[in-house]
Amino acid sequence: MNDFWQHCSALLERELTPQQYVTWIKPLAPVAFDASANTLSIAAPNRFKLDWVKSQFSGRIADLAREFWNTPIEVQFVLDPKAGMRGAPAGVAPAAPRMPLTPNGPAAAVAAIAANLTAHASAAPSAPADVPLTPSAAAAHHLHGDDADIDLPSLPAHEAAAGRRTWRPGPGAAPANGAEADSMYERSKLNPVLTFDNFVTGKANQLARAAAIQVAHNPGISYNPLFLYGGVGLGKTHLIHAIGNQLLLDKAGARIRYIHAEQYVSDVVKAYQRKAFDDFKRYYHSLDLLLIDDIQFFSGKSRTQEEFFYAFEALVANKAQVIITSDTYPKEISGIDDRLISRFDSGLTVAIEPPELEMRVAILMRKAQSEGVNLSEDVAFFVAKHLRSNVRELEGALRKILAYSKFHGREISIELTKEALKDLLTVQNRQISVENIQKTVADFYNIKVADMYSKKRPANIARPRQIAMYLAKELTQKSLPEIGELFGGRDHTTVLHAVRKIADERGKDAQLNHELHVLEQTLKG
């Protein structure tokens with residue numbers, strides 16, 4: 001095991017930049033090798049490094065292990081705080097660095113962030129890293145008994161004095177270790193794996209992604225706030241983490257915080273109980289970027305809404321960026337103060353729709369590739385055709401397929417996929433029917449269901465009928481002729497015209513897009 005790790009470390013040191021090697025590989029340590037099960041366990045000193053190494057380097061380490069032992073090896077990663085103190089195994093000779101395997105990839109990006117952080121730290125060497133907290137802040141940070149902490153990272157001295165941080169990006173020497181990067185992500189609560197590079201883009205989310213990139217490069221200037229809405233599992237959280245990660249790359253030292261709305265509510269309650277609102281406000285009002293997820297959880301919580309309103313006003317006044325996500329359009333969120341709704345509407349509001357077929361296929365293929373599995377296109381198309389709601393559902397289905405294949409020792413095929421997803425496919429087929437779509441659309445537009453089959457052509461009937469045809473094509477497995485038959489025996493070309501017309505207008509008409517979003521969410525329950 002140790003011989004392999006020396007061999008593996010030496011090769012990775014040649015393949016990676018010195019910064020990448022020191023930050024990600026050197027802190028790892030092999031802890032166990034089970035020859036009977038062909039498993040190798042590698043320890044990482046913290047969760048951040050474990051998640052990053054697992055996502056970025058596990059495939060390469062597994063390849064090297066297979067070459068070394070001449071058999072497939074399953075590489076497992078475990079947490080061990082002492083791993084970072086072990087360093088690289090003795091006897092590993094220094095190697096001349098080569099160009100990184102992925103110079104523009106996420107690992108290189110974090111290395112660049114860490115380098116910028118060192119430059120930022122060296123710009124003010126006399127300032128201490130942290131200052132003692134006030135008594136109320138100490139109460140907020142160090143609680144005992146059943147109470148959890150108010151999740152407010154401490155402010156560096158020069159930030160506490162100035163009220164908010166000044167960005168000081170710039171090149172610098174690589175740090176001796178990844179401690180700065182660890183601290184940066186711990187404070188921001190960002191997931192470094194969620195980047196623009198691994199966000200699968202299609203028609204359903206291309207506007208949201210374009211807006212997110214614009215905001216990431218020009219925070220506080222364009223689209224403030226940026227409000228993203230859509231159903232669960234469509235990529236809202238991925239996008240806002242990607243914005244934060246990109247801003248850290250562009251402007252090292254930016255004060256960023258990702259927080260779920262439920263955690264924000266909890267922090268408000270605890271600050272109220274401990275009379276620690278001064279510290280609470282000082283922290284949230286001094287951010288450069290606030291990313292708040294699922295703001296619909298603020299519904300009915302007046303004190304939380306009041307505190308968020310003050311934070312929002314302070315941040316926008318300071319040209320800090322605010323990004324918000326929700327499961328629905330701002331004006332559709334119940335129990336939210338009108339003045340907050342008006343602030344949400346003052347920026348850019350963008351919907352993220354369920355992924356279209358091609359995008360679903362791309363998501364499945366990329367996820368399978370990240371799992372080291374060669375998924376055939378016919379299997380990917382089969383799954384994508386039957387599962388339409390969101391990315392999480394697709395990824396969950398793929399995990400079921402992979403597990404079923406492994407447990408039964410069979411190659412992945414369409415037949416195996418049907419067996420693995422039998423229950424899921426049955427539920428999907430039972431949930432949405434053309435008849436249900438017709439009734440839902442008729443109720444929504446206040447027309448009779450019989451109008452769906454009739455030959456009437458006034459606009460107030462023809463338009464909902466076209467929308468129902470479009471939804472039938474998108475949400476069921478019916479063919480165009482079958483859909484036409486269910487709409488009063490219409491020709492398949494009529495259905496095709498309706499589908500193309502609504503699909504085209506959806507991308508141009510915000511009101512139509514919103515109505516379709518509401519209908520889709522209603523039909524999917």
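Every residue, even glycine, has its Cβ placed from backbone N, Cα and C.
These numbers come from a predicted model, not from an experiment.
If you check Swiss-Prot, you get these features:
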- 1-71: region 'Domain I, interacts with DnaA modulators' (REGION)
- 71-188: region 'Domain II' (REGION)
- 160-181: region 'Disordered' (REGION)
- 169-181: compositional bias 'Low complexity' (COMPBIAS)
- 189-405: region 'Domain III, AAA+ region' (REGION)
- GLY233, GLY235, LYS236, THR237: ATP binding site (BINDING)
- 406-525: region 'Domain IV, binds dsDNA' (REGION)
Can you tell me how many other Cβ atoms are located within 10 Å of the Cβ belonging to GLY233 (ATP binding site)?
18
Near-site residues: ATP, ref GLY233, GLY235, LYS236, THR237, CB cutoff 8 A to centroid:
GLY230, VAL232, LEU234, HIS238, LEU239, THR325, ILE352, ASN390, VAL391
Other CB atoms, at most 10 A from the CB of LYS236 (ATP binding site):
25
Which has the fewest other CB atoms in a 10 Å radius around its CB: GLY235, THR237, the listed binding-site residues?
THR237
Could you give me the DSSP helix, strand and coil counts for the region 'Domain I, interacts with DnaA modulators' (1-71)?
44 helix, 12 strand, 15 coil
If you average per-residue pLDDT over the region 'Domain I, interacts with DnaA modulators' (1-71), what number do you get?
85
DSSP helix, strand and coil counts for the region 'Domain IV, binds dsDNA' (406-525)?
89 helix, 0 strand, 31 coil
